[in-house]
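Undergrad: Below: one structure in structure tokens.
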Amino acid sequence: MEFCPKCGGLMVPSVVNGKKVLRCSRCGYIVEKSNPGTYRVSHRIERTPKDVVTLVDVDVSVLPVVSFKCENCGNDKAYVYELQTRAGDEPATRFYICTKCRKVYREYA
Ligand SMILES: [Zn+2]
Ligand SMILES: [Zn+2]
């Protein structure tokens, strides 16, 4: 929590000209944040190790089966499952699910 050096009002996060700043809620005094990442919120979960992906509610019986080498059990077939991300313009994330041991592999573009 930061306070205005001019009037002591509460400084609240704001964006001015595309820059993240702190703006006084009382007099409008603006302080540029030296660290622009302070108020950044990421909704993306990245760098997930591909071998710990968990898929729930996937009915594999309706999924197409392709040739895929499973590193876990040596099986050479896997179901293909495509998960559409929330942003419609992004490509779907593809998962391979081993038909034998059900280990899930995530495909990285
Ligand atoms: Zn102020
Ligand atoms: Zn397997």
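Glycine residues also receive a Cβ, built from the backbone N, Cα and C atoms like all the rest.
Automatic prediction, not curation, is the source of TrEMBL annotations.
Sharing the record's features from TrEMBL:
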type    : residues                    : note
BINDING : Cys4, Cys7, Cys24, Cys27    : Zn(2+) 1 binding site
BINDING : Cys70, Cys73, Cys98, Cys101 : Zn(2+) 2 binding site
DOMAIN  : 66-106                      : domain 'TFIIS-type'
ZN_FING : 4-27                        : zinc finger
Undergrad: So, in DSSP terms, is Cys98 (Zn(2+) 2 binding site) helix, strand, or coil?
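TA: Once the DSSP labels are grouped into three classes, Cys98 (Zn(2+) 2 binding site) ends up as strand.
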Undergrad: Based on a Cβ-to-ligand 1 distance below 6 Å, what subset of the binding-site residues Cys7, Cys27, Cys70, Cys73, Cys101 would you report?
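TA: Among the binding-site residues listed, those whose Cβ sits under 6 Å from ligand 1 are Cys7, Cys27.
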Undergrad: Return the member of Cys4, Cys7, Cys24, Cys27 nearest to Cys98 (Zn(2+) 2 binding site) in space, with distance defined Cα to Cα and candidates limited to these binding-site residues.
TA: Cys24
Undergrad: Tally every other Cβ atom lying within 10 Å of the Cβ atom of Cys4 (Zn(2+) 1 binding site).
TA: 19
Undergrad: Using CB atoms and a 10 A radius, I'd like the single residue among the binding-site residues Cys7, Cys70, Cys101 with the highest neighbour count.
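TA: Its Cβ has the most other Cβ atoms within 10 Å: Cys70.
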Undergrad: Tell me which of the binding-site residues Cys24, Cys27, Cys73 sits in the most Cβ-dense spot, judged by other Cβ atoms within 10 Å.
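TA: Buried the deepest by this measure is Cys24.
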Undergrad: Mind checking how the domain 'TFIIS-type' (66-106) divides into helix, strand and coil residues in DSSP?
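TA: Taking each residue of the domain 'TFIIS-type' (66-106) in turn, the totals are 0 helix, 18 strand, 23 coil.
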Undergrad: Quick check: with Cys70, Cys73, Cys98, Cys101 left out, which same-chain residues have Cβ atoms within 8 Å of the centroid of the Zn(2+) 2 site Cβ atoms?
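TA: After dropping the recorded site residues, what remains is Glu71, Asn72, Gly74, Asn75, Ala78, Thr99, Lys100, Arg102, Lys103.
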